[in-house]
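Right, one structure below, let's go through it.
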Amino acid sequence: MEIERKTSSEYETTGDGSLDRKGNPAIRKATGGWTSAVLLLVNQGLATLAFFGVGVNLVLFLTRVMHQDNADAANNVSKWIGTVYLFSLAGAFLSDSYWGRYLTCAIFQLVYVAGLVLLSLTSWLYLIKPSGCGDGARACAPVTSTGTALFYVSIYLIALGNGGYQPSIATFGADQFDESEPSEGHSKVAFFSYFYLALNSGSLFSNTFLVYLENSGSWSIGFWTSAGSAVLALALFLAGTPWFRHFRPSGNPLVRIAQVVVAAARKWDIRVRANGVEGLYEVDGTGSAIAGTRKIFHSEDFRFLDKAATIIDTDSSTMATSIINPWRLCTVTQVEEVKCVLKMLPIWLCTIIYSVVFTQMASLFVEQGTKMRTALSPSFDIPPASMSAFDILSVLFCIFFYRRFLVPLMRHVTGNPKGLSELQRMGVGLVIGALAMVAAGLVELQRLKRARARADALSIFWQVPQYALIGASEVFMYVGQLEFFNGQAPDGIKSFGSSLCMASMSLGNYASSGLVSVVMAVMTRGGRAGWIPADLDQGHMDRFFFLLAGLTFVDLVAYVVCARWYKAIELGSHDSSHGSSRVRLLEEA
């Protein structure tokens, strides 16, 4: 009897419908769990090290090696970063629709490695001439058209590879845990914190050691280190292939959304019944009509879309023949998938202002640092971009503090096993982000006071509080976002949910650039220097920081309204033995 129980336990399959690499139901003890997740976390850390090894000093490479002026270099970096995040939508689409998450991660990592190797070769053979140039003292030779072309091909291959890979790897990591099993469900929640921890651990090395190397003119060594890190990341990913859990792609979600819109429009003149799901179409059984996904239970939001699932006389006649035209009649689950996207959009829009705040760390914070005292000794200056290491250290500390101390405390206060819900954490992140802008504004006021009094420059270490506050806000906002969008996205569009995080960062970059342009256009009228002039000592960058703080608090009010309105998705179970059981995936705000 004992042997039978042991054998049964060894071959127990997961309850979430996940599969092994051969397409069979995944065996719980042989696949997934922390064994697979740790491989993916190390993969993420190495891939992030590679990305920031290029991105964190790209603006200096463009000015010192490619001979671009400051404005052109800053714009090119903004466009590149925005493109990285936009490619995440393409990666999410392919992952959810056709390739699945494993294949999407593998293909885009190959593109990523190709881009990094090409950049390393191009820099070595065409751009870093003479060797060691681009350190701020030795000028590089003018670049050739071949070198320029290869450079841009390489960095946009990096953008494509990293952007397409990022949303899928986060979701693929969460796939390794079966939320129908309590212990794995708790691990799945913890995974997102550790995912962000891995991301910041990788970037810490880039923002310190690689920044120093590249700032000293060792660009080729920095780029080859990044390429080697990406190769190792890919090797670890492929090595974990036998142990990963998979979900089948669910087909093109854009077609499903279009079908709901068209079907609802064709029935625009009918009245939807007020008594729940009566008269609405859904397939029998526990599975949904969308391949590999659970049913989504009916909600009362956006009732006009229920017309797409409302059965009318003509639908009844076609149902008798078992031939359903989805452009005329959709299932409740298909309609609810569209509703879920619509309900998430207001929350997502409220995160864009935070992304504007976050992007200042890579732009205005660095410019502020260049006007401060950076010398630690006569022979060593702190690169202003390296101050972001304090942001990373803050993230590492706050993740540890949150999981070890704050979650147990808040669990007793709120009764929520997670301590704070995802929406509550995102709200806290907005508050801390606003405080970071206030801190940056106060530091700038003090810096300007000394500069205009011709006193000693303010030490760059005065920036530590604003970097630390940004780091703390990330733990609440971005980790909360990852959990929220992954948890609330229907099964058929999980990678899309993760990509919303990156899309928020993309729009935050563009919005920040637009806001700076508007502020400068308004504030330079009448011959004034404006808030952010070329010589910051003549400007008022403090007012821009305070403006961002004010906009963030206004955004917080809108966010609270949206969060209180939001209703969580309710999913059926993959396990037929659960019947019509429901899984509520979020505590209401």
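Any Cβ shown, glycine's included, is placed from N, Cα and C.
Bear in mind that TrEMBL entries carry predicted annotations, made automatically and left uncurated.
Here is what TrEMBL says about this protein:
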REGION    1-24  region 'Disordered'
TRANSMEM  46-65  transmembrane segment
TRANSMEM  77-94  transmembrane segment
TRANSMEM  106-127  transmembrane segment
TRANSMEM  139-159  transmembrane segment
TRANSMEM  191-213  transmembrane segment
TRANSMEM  220-244  transmembrane segment
TRANSMEM  345-366  transmembrane segment
TRANSMEM  387-406  transmembrane segment
TRANSMEM  426-445  transmembrane segment
TRANSMEM  457-480  transmembrane segment
TRANSMEM  500-523  transmembrane segment
TRANSMEM  544-566  transmembrane segment
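Comparison of 345-366, 387-406, 426-445, 457-480 by number of C-beta pairs under 8 angstroms to the transmembrane segment (191-213) places 387-406 first. It is 500-523 that, among the stretches 77-94, 220-244, 387-406, 500-523, 544-566, forms the most Cβ pairs under 8 Å with the transmembrane segment (345-366).
In this chain, the transmembrane segment (139-159) lies out of contact with the transmembrane segment (457-480); the count of Cβ pairs under 8 Å, excluding pairs fewer than 6 apart in sequence, is fewer than 3. Sequence-distant neighbours of the transmembrane segment (220-244) (same chain, 6+ residues past either end, Cβ-Cβ under 8 Å): 21, 30-32, 35-36, 39-40, 42-44, 46-47, 49-51, 53-54, 57, 102, 105-106, 109-110, 112-113, 116-117, 119-120, 123-124, 128, 131, 172, 175-176, 202, 206, 210, 213-214. Long-range Cβ contacts of the transmembrane segment (77-94) within its own chain (Cβ-Cβ under 8 Å, at least 6 residues beyond either end) map to 55, 58-59, 62, 104, 108, 155-156, 159-160, 162-168, 253-254, 493, 495-496, 498-499, 502-503, 505-506, 509-510, 513.
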